[in-house]
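Pulled from TrEMBL:
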type	residues	note
TRANSMEM	298-320	transmembrane segment
TRANSMEM	363-387	transmembrane segment
TRANSMEM	393-418	transmembrane segment
TRANSMEM	430-454	transmembrane segment
TRANSMEM	466-489	transmembrane segment
TRANSMEM	520-543	transmembrane segment
TRANSMEM	549-577	transmembrane segment
TRANSMEM	589-608	transmembrane segment
TRANSMEM	620-649	transmembrane segment
Amino acid sequence: MSVSLTVVEPRRIHISFVCFYSLVSYFHSCTAFYLPGLAPVSFCDESSAGEDCQSEIELFVNRLDSVESVLPYEYDVFDFCQDTKERRPSENLGQVLFGERIESSPYKFKFNEDFKCKKVCTKTYKKGARQDMAKLDFLKMGMQLNYQHHWIIDNMPVTWCYDVEDGQKYCNPGFPIGCLVTMDGRAKDACVINSEFNKKNTFYVFNHVDIKITYHSGAAEGWRGARLVAATLEPKSINTDQTNPTCEGPPMEVPVDFDNDVSILYTYSVTFSEDNSIKWASRWDYILVSMPHTNIQWFSIMNSLVIVLFLSGMVAMIMLRTLHKDIARYNQVDQEDAQEESGWKQVHGDVFRPPRKGMLLSVFLGQGTQIFIMTFITLFLACLGFLSPANRGALMTCAVVLWVLLGTPAGYVSARLYKTFGGEKWKTNVLLTALLCPGIVFADFFLMNLILWVEGSSAAIPFGTLVAILALWFGISVPLTFVGAYFGFKKAAIEQPVRTNQIPRQIPEQSFFTKPIPGIVMGGILPFGCIFIQLFFILNSIWSHQMYYMFGFLFLVFIILVITCSEATILLCYFHLCAEDYHWWWRSFLTSGFTAVYLFIYGVHYFFSKLQIVGAASTILYFGYTMIMVLIFFLFTGTIGFFACFWFVNKIYSVVKVD
């Protein structure tokens with residue numbers, strides 16, 4: 001399968017007011033401008049259709065997913081009505097990696113042409129036919145696990161809007177295949193919406209949809225045609241006459257036990273309505289505003305931000321005042337009195353002694369730098385609206401392409417630090433930088449892909465795409481890493497402000513809090529505290545299939561995380577140096593990197609408390625992908641802490657007088 005890095009169709013990109021957009025306007029009324037050449041599609045009646053205005057509206061179907069299973073499936077895997085001339089738009093790399101499989105559907109209609117109860121097809125399952133039994137069993141499995149359709153019209157998700165608590169309306173970008181009433185009469189999932197779904201041990205399949213298209217007319221604004229601003233539907237279960245369907249009657253029942261032949265007629269109705277109060281640029285707002293818990297969590301997020309900023313300010317103030325006094329005391333005239341004291345100056349001859357396993361540390365730091373720059377650029381572009389939910393797969397595509405192109409800084413940082421540590425095995429260093437961490441991620445990803453392939457999931461990456469990813473890695477990323485390493489080794493080693501003694505100084509007995517493990521465990525608490533609320537939204541978007549759109553705030557949290565990791569690591573590093581423990585290289589990396597351990601613990605908690613995932617395959621997939629996230633986050637936060645501490649140690653030892 002060929003991989004295209006282009007967007008599926010032309011679309012206009014909503015530009016926000018840099019990063020404070022999500023804080024100030026909450027995705028409302030802050031539209032600035034649209035990029036030229038990416039215009040919306042205009043629709044008009046069939047009689048006036050032309051090159052700039054089309055009459056036929058295409059409904060595309062995407063893969064089906066469930067909150068009870070990590071395994072998504074293609075639309076064709078279920079025995080639904082299929083398009084006679086099936087077309088698949090070209091998908092970008094991000095869509096392929098995320099398991100999106102968009103294809104044309106048999107639901108056809110033209111702009112502003114209403115109709116009621118149009119037949120799509122009839123699916124008949126004969127008792128005793130093994131193939132029919134397998135198809136019906138798979139359909140029942142989908143209803144039991146609450147698998148959801150995802151339909152697309154004009155790049156907009158077709159939403160199912162319904163009332164929730166407190167009179168609020170929630171618009172779900174998917175709707176269920178059907179639902180189940182259990183043997184004890186308990187209505188599961190969508191079966192609670194209709195009191196007629198009450199027969200025990202019975203499935204109810206949603207075989208009819210009422211589609212409503214809302215459009216914004218350009219007649220009063222000087223442009224031709226109309227633009228679609230909303231697409232909603234209401235799924236229904238109707239057992240109607242199959243010869244002359246009226247879409248009225250009792251629910252379409254499918255018994256759990258396959259005792260008789262089953263025949264399911266699929267139908268649909270379409271209505272159009274005009275609403276000129278909704279602008280095309282704001283057509284996603286009704287979906288985003290209805291997201292659950294957003295208003296409730298908003299105040300918690302703001303409180304967390306204020307607390308983290310306050311703690312960061314306190315840490316910075318303490319460090320500045322204490323350090324100022326220390327430097328003044330160490331630089332006083334009476335050097336003999338100063339020498340008798342204990343403190344961080346006493347280890348000046350050992351503080352820059354190369355660490356053990358310097359090769360591995362430099363490799364981690366090179367990879368961490370690559371991830372840091374990739375994350376910063378991706379979030380910044382997302383913050384500007386380039387990677388919005390409308391631009392399907394763009395977030396993952398951008399991240400992968402950036403990672404591939406950022407091999408040079410990874411090789412440079414790794415080689416420069418390895419040379420500073422006195423390392424001479426430059427070939428091993430550059431090979432490990434290019435292959436170690438990406439190799440671990442790819443091996444994990446490949447094993448997860450094997451499970452998806454065995455289960456027949458649409459999320460299984462095609463062989464051609466795997467080859468393309470390997471080509472990007474070995475054909476672009478690895479050579480760029482070698483280029484960066486070449487320049488890194490060519491430059492002189494980083495000059496330290498003080499000389500290193502030949503004989504290592506003995507480290508005095510440490511208290512409990514200055515021992516390595518307690519310090520490292522404490523160091524990750526504060527950085528995790530500033531991200532765990534955002535983590536809830538991110539995990540919801542990944543595993544509960546909710547849209548994530550607060551990139552502006554996520555960028556601010558990213559900045560706060562960088563500041564917090566830096567200050568927490570510097571503070572603990574200072575305490576350890578004051579206790580005359582000069583082994584700060586690895587400790588600075590692990591102190592902030594330990595945030596990833598808290599991330600893993602939170603992932604376990606989220607799995608057991610929030611998710612309803614069942615099945616061994618889904619559980620393995622969840623923890624397999626979580627381990628990839630944890631490794632990337634470990635390298636990312638560890639690198640931040642190390643370079644902050646490296647700068648701090650160089651700074652303080654360059655301003656004191658050393659005999």
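Quick reminder: no glycine exception, Cβ is built from N, Cα and C everywhere.
For the transmembrane segment (393-418), the partner stretch with the highest count of Cβ pairs under 8 angstroms, out of 430-454, 549-577, 589-608, 620-649, is 430-454. Contact count against the transmembrane segment (363-387) (Cβ pairs under 8 Å) is highest for 620-649, out of 430-454, 520-543, 549-577, 620-649. Within the chain carrying the transmembrane segment (430-454), a Cβ under 8 angstroms from the stretch's Cβ atoms is held by residues 71, 99, 359-360, 362-364, 366-367, 407, 410-411, 414-415, 460-461, 466, 469-470, 473, 477-478, 481-482, 485, 617, 620-621, 624-625, 627-628, 631-632, 635, all 6 or more beyond its ends. Sequence-distant contacts of the transmembrane segment (620-649) (same chain, six or more residues past either end, CB-CB distance under 8 Å): 70-71, 351-352, 364-365, 367-369, 371-372, 375, 437, 440-441, 444-445, 447-448, 451-452, 523-524, 527, 543, 561-562, 565-570, 573-574, 577, 584-585, 588-593, 595-597, 599-600, 603, 607, 611, 613.
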